[in-house]
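Input: a single structure, listed below in structure tokens.
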Amino acid sequence: MEDVEARFAHLLQPIRDLTKNWEVDVAAQLGEYLEELDQICISFDEGKTTMNFIEAALLIQGSACVYSKKVEYLYSLVYQALDFISGKRRAKQLSSVQEDRANGVASSGVPQEAENEFLSLDDFPDSRTNVDLKNDQTPSEVLIIPLLPMALVAPDEMEKNNNPLYSRQGEVLASRKDFRMNTCVPHPRGAFMLEPEGMSPMEPAGVSPMPGTQKDTGRTEEQPMEVSVCRSPVPALGFSQEPGPSPEGPMPLGGGEDEDAEEAVELPEASAPKAALEPKESRSPQQSAALPRRYMLREREGAPEPASCVKETPDPWQSLDPFDSLESKPFKKGRPYSVPPCVEEALGQKRKRKGAAKLQDFHQWYLAAYADHADSRRLRRKGPSFADMEVLYWTHVKEQLETLRKLQRREVAEQWLRPAEEDHLEDSLEDLGAADDFLEPEEYMEPEGADPREAADLDAVPMSLSYEELVRRNVELFIATSQKFVQETELSQRIRDWEDTVQPLLQEQEQHVPFDIHTYGDQLVSRFPQLNEWCPFAELVAGQPAFEVCRSMLASLQLANDYTVEITQQPGLEMAVDTMSLRLLTHQRAHKRFQTYAAPSMAQP
């Protein structure tokens with residue numbers, strides 16, 4: 001035992017020092033243990049040869065621990081070597097820079113050879129070198145912070161609240177300005193421009209947006225241009241390619257009150273009607289300064305045009321702007337209609353006494369108010385025009401249509417029995433009473449819930465059929481309807497076969513005698529010829545059914561537990577099959593001994 005503890009001491013108590021782990025030869029110990037495993041023969045020899053699984057587990061765990069410590073030690077050595085090399089090179093470069101600065105030699109004049117630098121293993125450089133500053137060290141580089149492009153400037157919260165995006169539950173998901181496509185300007189070539197860059201999307205490619213500025217470029221550049229603080233967005237849909245009239249030259253700029261009164265630059269006339277519908281978006285001075293300087297010019301305020309000239313006929317086929325705000329239209333009050341009391345009767349109310357005046361039938365009133373039979377075009381009169389009346393109408397039509405179909409089926413059955421009688425559809429309508437005003441043939445409309453297959457079946461039935469044709473038709477109909485039960489029939493057949501197999505077994509088990517382990521133990525003891533004589537178990541249960549053999553086996557185990565019998569078998573794994581033998585030790589049963597048992601203290605003297 002002491003040899004084993006000394007041998008695996010590093011496994012029981014792991015070595016904390018990384019350098020001492022190199023003294024452990026993991027490969028040699030694993031090889032020795034592998035040889036021991038090869039020599040061990042696992043067999044059924046009553047436990048003489050055993051395998052120590054705890055020792056194997058500790059060996060594997062300890063070997064992995066020692067190997068990981070070796071890897072960790074190598075990792076730390078690599079870090080130390082890299083830090084030493086990089087620190088030495090950094091010190092050499094710093095000293096050379098200071099010498100060049102003291103001598104006044106320009107470092108950029110002589111090309112230096114590019115030296116190999118080691119790749120840093122850390123993502124974050126060591127910040128301790130930037131703590132100590134030297135007095136004679138002056139910053140040689142000036143960090144220039146690049147200006148963020150205007151297209152990437154995040155909009156303000158107030159701008160986001162103007163056009164929010166709601167979900168079905170009413171939650172605010174995002175804003176229109178959160179998506180780049182909504183704020184980009186489409187180019188005539190099909191590209192989305194983050195910034196216009198002097199090109200108006202209303203003009204084709206290669207055309208200058210302001211023709212007048214090309215003539216007087218010198219004067220235009222000399223004059224100061226004002227850029228609007230608020231810029232209207234260009235519509236994303238429905239661009240017109242017709243160039244509008246542009247000013248012939250640069251407009252004279254007004255000052256004083258005109259500059260204070262006008263805070264936005266207007267677009268040319270070609271884009272003014274479409275851009276006027278867009279809400280104006282507020283821009284910061286930084287954003288407005290980044291816009292191109294020749295994009296828009298301030299126009300002179302002209303005389304207002306009359307309303308008749310400005311108003312144009314709207315084009316019904318014009319593409320709409322998905323981000324445009326809809327015009328508010330005045331509310332038009334509809335004309336109310338009262339529903340007759342006999343049309344819709346509420347359930348659950350008390351019965352009221354019928355009035356003396358007989359109200360008109362709803363179907364007749366609806367046809368008189370809704371359809372015009374005299375006119376061939378059947379124009380609608382001033383009648384109900386809302387969905388509730390449609391629902392009531394089609395409900396009434398469905399009821400009459402179902403009644404009509406029942407009468408048709410009854411007539412068809414009577415025609416089969418009495419072929420001499422031939423009635424038409426108009427005769428069946430007389431049985432409905434007031435159903436003469438139902439619908440004319442050209443006005444018949446199949447309701448939504450009607451099944452066209454039923455109507456097809458009624459049309460397919462001839463007026464008179466012979467007996468053979470009728471029988472053949474019924475047989476074909478029965479075969480067609482029984483196709484859907486084929487799968488259920490196969491499943492029921494399998495269930496019936498299973499029940500036929502299981503039911504006899506269940507009935508046989510119900511007929512068996514209830515199992516009593518003491519009763520079967522008494523029967524097994526009575527079969528022994530005498531005491532202390534070995535008798536095979538197969539002879540004791542010879543000629544009995546399988547379930548009786550199982551019960552006798554359980555009873556013999558209980559007898560062996562009570563030391564009434566002794567059980568033995570032949571040695572060997574395969575040779576011991578069906579070699580069970582029993583020997584009766586005593587005829588006295590254990591449960592009977594406990595029933596008649598009396599403690600010595602309770603015995604009478």
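Note that the numbers count up from 1, one per residue, in the order the chain is shown.
Each Cβ is built from the backbone N, Cα and C atoms, and glycine gets one as well.
Keep in mind the model is a prediction, meaning the values are calculated, not measured.
Features as listed in Swiss-Prot:
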| type | residues | note |
| --- | --- | --- |
| COMPBIAS | 256-266 | compositional bias 'Acidic residues' |
| MOD_RES | Thr19 | phosphothreonine |
| MOD_RES | Ser95 | phosphoserine |
| MOD_RES | Ser200 | phosphoserine |
| MOD_RES | Ser208 | phosphoserine |
| MOD_RES | Ser228 | phosphoserine |
| MOD_RES | Ser232 | phosphoserine |
| MOD_RES | Ser282 | phosphoserine |
| MOD_RES | Ser284 | phosphoserine |
| MOD_RES | Ser466 | phosphoserine |
| MOD_RES | Ser492 | phosphoserine |
| REGION | 194-331 | region 'Disordered' |
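Here the features listed in Swiss-Prot are placed on the structure.
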residue	record	Cβ within 10 Å
Thr19	phosphothreonine	9
Ser95	phosphoserine	10
Ser466	phosphoserine	10
Ser492	phosphoserine	11
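Of Thr19, Ser466, Ser492, all annotated as modified residues, the residue with the shortest Cα distance to Ser95 (phosphoserine) is Thr19. Between the alpha carbons (Cα) of Thr19 (phosphothreonine) and Ser466 (phosphoserine) lies a span of roughly 109 Å.
In this structure the alpha carbons, written CA, of Ser466 (phosphoserine) and Ser492 (phosphoserine) are 38 Å apart.
When secondary structure is read from DSSP and collapsed to three states, Ser466 (phosphoserine) falls in the coil class.
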